[in-house]
Amino acid sequence: MKLAILSCSPRCYSTRRLVEAAEQRGIKAKVLNTLKFAIDLAEGEPDLYYRSKQLSDYDGVLPRIGASITYFGTAVVRQFEQMDVFCANSSAGISNSRDKLRSLQILSRHQIGIPKTTFVRDRKDILPAIERVGGSPVIIKLLEGTQGVGVILAENVKVAEAIIETLQSTKQNVLVQQFVAESRGKDIRAFVIGDRVVAAMRRVAVGNEFRSNVHRGGQTEAVVLDETYAETAVRAAQIMGLRVAGVDMLEGTNGPQVMEVNSSPGLEGIESATKLDIAGAIIDYMSAQVDFPEVDVRQRLTVSRGYGVTELHVRDGSDYVGKTIDESGLPELDINVLTLYRGTTVIPNPRLKRTLEPHDRLLCFGKLEAMRGMVPEKVRKQRRPKIKRLPDSAATIHAESSRDD
C-alpha cells in the first residue's frame, strides 16, 4: 500500500508516529503538505498536482487537516474521493466536525446525548436562551475553535450576557451551552477507529481551569469505557462520517454527553496515557479498508432518472406496523430497504422477514414517485409551484430599470 498523509506539520508527534508505524509494517508513507496541492478539473478527468507536478497514484489518504485550512484541505480530500482513492475520513465528515453548530445538529437528530445548546443572534433572545439551557453558570463557545480556545465559563447571567453581546458585536457566532456541573474540569476522550473504541482516557483540568484539554495542561489517565459510553462514541463518529476520530464526552448524570467529534485527534496524549500503539492501529485499519473508497451515493444516483434515496417513517397506526418488509409490498414497488433505524439501533441491509415496528425509519432506494405516494398527505412536502410569467407591465419596468443602470 502506498499511503499519503496530508499534514502541514511533518515534525509533529502524530505525523511522525504515523510514518513510523507505516514503515514498521512495510508500507510506504509520504507526508504531503496540504497547501502545496493544485486541484485540476476537466470533463471526466479530476486530477491533482503536487508542487506543480502531477500526483502519482496513492492507495490511501490519511487527512490531518488543520482547522485554519479546513476549506482548502477538505477540497483536496474531496478531489481524492472523486478520483476513487480511499480516505480515512470523508471530506464531508471533516467539514461537519469543524462546525460546532452543524455537528451538534447532526448528533441531536440521531439521538446522541449532548449538552443543551442554543444559538441566537438577537440580543432579546440571550436571556431566554440562557434559561433554556439551565441557567448560570453557562458555557459560551465560538463556533470555530480547537484545543479549548474560544470556550468561556460565565458564572452568572449578567456576565454571560455581557460576554455574548461583546462577541456578537465583533461579528462572532457563539453557542450558549449547558454547564454539566458533575463533569466540571474533566471529560473523556474516546479514540474511535472504524467500528470500535481502541483507547480512551480521562482528562482532568489543573487548578481552577475548567477546560481539561491536554494543550492547556490537563492531566490524563487511561480508562476502560462501559458499553454505553463506547457505543455512543462509535455512533457519534460514524454519524459524522469519520472512520478515525476523537470523541469528547462529559460524564453526565444521564449518561454520556458528546461535546465534540474531532476529525484530526492528536496521538501524543492518548498514547502516553494508555501506552497503546494507536498509530499502528490506524495504519492496520487503513490496510484492511483501502479497497473500499468512499462512494457518494446521492451523487452516483443522479444519473438514475426517476430513482432516488429517501427515508420513510413507520408512524403509529401505519398499515406497515406488524408486517414484514416482504409483506409490506415494498419489493413489488421496486423499493429496496438499505438500512433500518430502530431507536439507536442501526440494522444495515435488513432481511425481508424483518417485522416493522412503530417509529422505525427506513432508508430506501427506489422509484421516487412510488415512495412519494407512501408519505402521508398531511406530512408530505408540497410540490414546488410552477414559475409564472410576469405580466407585460412588470417586464417593461424591468427593461427600463436595466437601461437606467
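Just so you know, glycine gets a Cβ as well, placed from its N, Cα and C.
Annotation source Swiss-Prot lists ATP binding site at 131-187, 211-213. The annotation Mg(2+) 1 binding site is assigned in Swiss-Prot to D248, E260. Taken from Swiss-Prot, the feature Mn(2+) 1 binding site applies to D248, E260. Feature annotation from Swiss-Prot assigns Mn(2+) 2 binding site to E260, N262. Per Swiss-Prot, Mg(2+) 2 binding site is recorded for E260, N262, and the stated evidence type is sequence analysis. Per Swiss-Prot, the feature domain 'ATP-grasp' maps to 104-287. Here Swiss-Prot flags 296-380 as domain 'RCK C-terminal', drawing on sequence analysis. What Swiss-Prot lists as region 'Disordered' is 380-405.
Features as recorded by Swiss-Prot, highlighted on the structure.
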residue : record                : Cβ contacts under 8 Å, 6 or more apart
E131    : ATP binding site      : none
I139    : ATP binding site      : P115, V151, I152, L153, A154, V176, Q177, Q178, F179
E155    : ATP binding site      : S136, P137
I163    : ATP binding site      : I140, I152, A154
K171    : ATP binding site      : none
D248    : Mg(2+) 1 binding site : D187, I188, R189, V258, M259, E260, V261, N262
Please work out the mean pLDDT for the residues of the domain 'ATP-grasp' (104-287). 89
Cβ packing number for N262 (Mn(2+) 2 binding site), 10 Å threshold: 23
Once the DSSP letters are reduced so that anything not helix or strand counts as coil, what is I163 (ATP binding site)? helix
Other CB atoms within 10 A, centred on E260 (Mg(2+) 1 binding site): 21
What are the DSSP helix, strand and coil residue counts for the domain 'RCK C-terminal' (296-380)? 13 helix, 28 strand, 44 coil
Under a three-state reduction of DSSP output, how is D187 (ATP binding site) classified: helix, strand, or coil? strand
The one of F179, D187 whose CB sees the fewest other CB atoms within 10 Å, among these binding-site residues: F179
